[in-house]
Amino acid sequence: MWRLLATLSCLVLLTSARESLHFQPLSDELVNFINKQNTTWTAGHNFYNVDLSYVKKLCGTFLGGPKLPQRAAFAADMILPKSFDAREQWPNCPTIKEIRDQGSCGSCWAFGAVEAISDRICIRSNGRVNVEVSAEDMLTCCGDECGDGCNGGFPSGAWNFWTKKGLVSGGLYDSHVGCRPYSIPPCEHHVNGSRPPCTGEGDTPKCSKICEPGYTPSYKEDKHFGCSSYSISRNEKEIMAEIYKNGPVEGAFTVYSDFLQYKSGVYQHVTGDLMGGHAIRILGWGVENGTPYWLVGNSWNTDWGDNGFFKILRGQDHCGIESEIVAGIPCTPHF
């Protein structure tokens, strides 16, 4: 009995010691500590010479906000594959492979939405309608329903706005693609890059209901609408079934400073300071070395993480990843 108590005491002491350790976000010490834990992922440097205020602003999702109506369950009788990647399932939909950059703005809530909406429009049209839905239009014109623009927002509000007001097209910064391309430039949060430095500053651009010069059709005629928007229960199989049937979804989770250093593998929180809530696009799932994961697209450019993507533990609502899933069905004709 005393041996069992001694073992339990040691485990408690080890856990307490680990939790009491503090590493500066983005530090070598944090990277080294993570990689010594023999966990399911590898850490490295993704951010160089950036203000911590910038990194915190990237996490611009207000968790636990307004809820959309929950979609009726339909996964019970479905037989789902052990792994699934929307990029491979719908190869004629190029937006699924795309990674965007939110720049110095807490607009992840808008990016997660417009990325998944773009994917779903293409999927529903069987590849006949390929459009980059405008993050700029969502960010600047949604208003109070979505939150506070570059200072943070609600994914549920974004999907509701799409069904009520519609969204125009718009590509990446300086792409001149679509009606309203993104106006906030990418910034250099990596090493030896050519982009301007990242800061925590940045106001929300103004809502402009005019397409950029030379683009047709008009702003009003360029709108793409959702016919429904909804939440999905915190159920692993229901989320998988939704992605399998209709395409990528938007999710949100709690970010700690160790996540900033993700390079490869299946992320599980190890240690680090709370950074905030972050919205992303979930596009598949799988199992890596026995660990189930969600396949996720981020909005921090392609030189973050695994070419802009990451994997996170699946099935345990890790960091709340399964608690705030939202999606919707486009009004795009179904072919």
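Glycine is no exception: its Cβ is also placed from the backbone N, Cα and C atoms.
Annotation comment: Swiss-Prot describes 1-17 as signal peptide.
Neighbour list (Cys93 (disulfide bond), Cβ cut-off 8 Å, at least 6 residues apart, same chain): Asp119, Cys122, Ile123, Gly127, Asn130. Following the DSSP three-state reduction, the secondary structure of Cys93 (disulfide bond) is coil. As annotated by Swiss-Prot, disulfide bond applies to Cys93-Cys122 (among others).
Annotated disulfide bond per Swiss-Prot: Cys105-Cys150 (among others), in sequence order. In the three-state DSSP scheme, Cys105 (disulfide bond) falls into the coil class.
The active site annotation in Swiss-Prot covers Cys108 (among others) and rests on sequence analysis. Around the Cβ of Cys108 (active site), a 10 Å sphere holds 30 further Cβ atoms from the protein chains shown.
Taken from Swiss-Prot, the feature disulfide bond covers Cys141-Cys207 (among others), and the record attributes it to similarity to another entry. Of all Cβ atoms in the protein chains displayed, 20 besides its own lie within 10 Å of the Cβ of Cys141 (disulfide bond).
If you look up Swiss-Prot, you'll see Cys142-Cys146 (among others) marked as disulfide bond, on the strength of similarity to another entry. Within 10 Å of the Cβ of Cys142 (disulfide bond) there are 25 other Cβ atoms, across all protein chains.
The disulfide bond annotation in Swiss-Prot covers Cys179-Cys211 (among others). Annotation for Cys179 (disulfide bond): same-chain Cβ neighbours under 8 Å, separated by at least 6 residues, are Ser134, Asp137, Val168, Ser169, Gly170, Cys211, Glu212, Tyr215, Tyr219, Asp222.
For the recorded site, Cys187 (disulfide bond), the DSSP three-state label reads coil. The local packing around Cys187 (disulfide bond), expressed as other Cβ atoms within 10 Å of its Cβ over all shown chains, amounts to 21. According to Swiss-Prot, the feature disulfide bond maps to Cys187-Cys198 (among others).
If you look up Swiss-Prot, you'll see Asn192 marked as N-linked glycosylation site.
Per Swiss-Prot, N6-acetyllysine is recorded for Lys220, and the stated evidence type is similarity to another entry. There are 10 other CB atoms within 10 A of the CB of Lys220 (N6-acetyllysine), with all protein chains counted.
Annotation source Swiss-Prot lists disulfide bond at Cys227-Cys331 (among others), citing similarity to another entry. The Cβ of Cys227 (disulfide bond) lies under 8 Å from the Cβ of Thr163, Gly328, Ile329, Pro330, Cys331, each of these being in the same chain and 6 or more residues away along the sequence.
What Swiss-Prot records for His278 (among others) is active site, and it gives sequence analysis as the kind of evidence. According to its DSSP assignment, His278 (active site) is in a strand.
Within 10 Å of the Cβ of Asn298 (active site) there are 28 other Cβ atoms, across all protein chains. Look at Swiss-Prot and you will find Asn298 (among others) tagged as active site, backed by sequence analysis.
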Subject >> Cys150 (disulfide bond): nearby recorded positions from Cys108, Cys141, Lys220, Cα cut-off 10 Å >> reply: Cys108
Original post:
Minimum Cβ neighbour count within 10 Å among the disulfide-bonded residues Cys105, Cys122, Cys211, Cys331: which residue?
Top reply: Cys331
Original post:
Are any of Cys108, Cys141, Cys187, Lys220 (the recorded positions) within 10 Å of His278 (active site) when you go C-alpha to C-alpha, and if so which?
Top reply: Cys108
Subject >> Fewest Cβ neighbours within 10 Å, where candidates are the disulfide-bonded residues Cys146, Cys198 >> reply: Cys198
Subject >> Close in space, distant in sequence - Cys207 (disulfide bond), Cβ under 8 Å, 6 or more apart >> reply: Thr140, Cys141, Gly143
